[in-house]
Amino acid sequence: MEGLWDSPPSHFLLLILLLPSPCSGVMAIKRPKQGVGVQNLLEKAAERLKSLTPVKFTISSRTDTGVHALGNSAHLDVQRLSGRPPFSPDILTFALNSHLEHPDIRVIRAFRAPDDFHARFDATSRTYLYRVVTGRSLDALSVFDRNLCWAVRTDHLDVAAMQEAARHLQGTHDFRAFRSVSDNDWKNPVRTLLRASVAPASASPFTHPQEKRKLQFWDLEFESKSFLYKQVRRMTACLVAVGLGALTPAQVKEKLESGDPQSGPSLLVAPAQGLFLKSVHYEGLDWGPGKDWYNRPSVPGGCGPGAVPEAPRL
């Protein structure tokens with residue numbers, strides 16, 4: 001069958017939504033008895049695309065069990081039979097969503113991408129959002145929100161102190177004091193935290209109007225090119241402890257400088273259910289309507305090595 005393998009693979013960038021699910025994290029799990037990962041389900045759905053080569057997803061950001069994603073990303077290659085045009089991004093999105101077995105995983109959008117585009121290494125930054133709700137009457141919290149935030153039983157947080165502590169975390173530091181105690185020691189613990197913010201948030205749309213005055217939602221956001229394992233949840237826990245008066249901003253700075261993940265009054269780790277991977281950023285990605293190609297910016301002095309060719313005219 002001459003020419004069967006002539007059609008080159010098409011390279012795609014996907015944006016993925018992940019709500020609370022029984023999946024054991026995002027990455028593929030090789031032993032079924034240990035659970036199933038989001039990647040396993042995506043690749044099973046991709047089998048229905050009938051690609052000449054198996055479709056493998058490379059996901060940009062790991063998330064633990066119980067963590068949500070408003071905008072994770074991945075890249076993949078799909079190779080069709082000779083003579084058949086590549087899937088359009090819209091058709092690829094529809095096909096994957098049609099065959100996904102879990103209702104809480106959805107492909108939001110697809111883009112054609114340069115052949116050498118890498119979802120993980122080409123990301124310029126990642127933004128995580130942590131939702132906290134405070135109030136004396138947490139029974140007013142909607143059942144729909146209980147797995148989407150960390151409920152802290154208090155009617156007051158010292159937000160000014162939390163913001164001061166967050167400023168200590170911003171910048172380039174050795175963050176080993178905020179990584180999981182089970183994390184590998186060989187990993188470089190130096191990270192640059194571009195932004196750490198604490199701000200009041202609007203009430204959840206699931207909260208009954210009569211109950212809104214009893215609850216206050218808070219958004220903690222962190223942006224960096226990459227994070228250590230459980231770094232965001234540990235930073236969040238320390239900032240909430242500052243808000244409650246259990247820690248001072250100076251103690252957070254001391255913990256950061258100690259380099260010891262077991263320093264401080266306790267091993268503080270915020271629960272997984274309040275954490276969202278809000279977005280993964282790529283330079284030049286245009287979300288405008290009708291934009292199906294990710295034309296990665298060129299390197300200085302000419303076209304980048306993986307520049308996407310001009311989209312075909314149909």
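Cβ atoms are placed via backbone N, Cα and C, with glycine included.
Note that this is a predicted model, so its numbers are computed, not measured.
Database features (TrEMBL):
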type: SIGNAL; residues: 1-28; note: signal peptide
type: DOMAIN; residues: 32-122; note: domain 'Pseudouridine synthase I TruA alpha/beta'
type: ACT_SITE; residues: Asp64; note: active site, nucleophile
type: BINDING; residues: Tyr128; note: substrate binding site
type: DOMAIN; residues: 165-283; note: domain 'Pseudouridine synthase I TruA alpha/beta'
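With a cut-off of 8 Å between CB atoms and residues at least 6 apart in sequence, the same chain places Glu221, Phe222, Glu223, Phe227, Val232, Leu275, Phe276, Leu277, Lys278 near Tyr128 (substrate binding site), listed in sequence order. The 10 Å shell around the Cβ of Asp64 (active site, nucleophile) contains 14 further Cβ atoms across the protein chains shown. With DSSP states grouped into helix (H, G, I), strand (E, B) and coil, the domain 'Pseudouridine synthase I TruA alpha/beta' (32-122) comes out at 26 helix, 21 strand, 44 coil.
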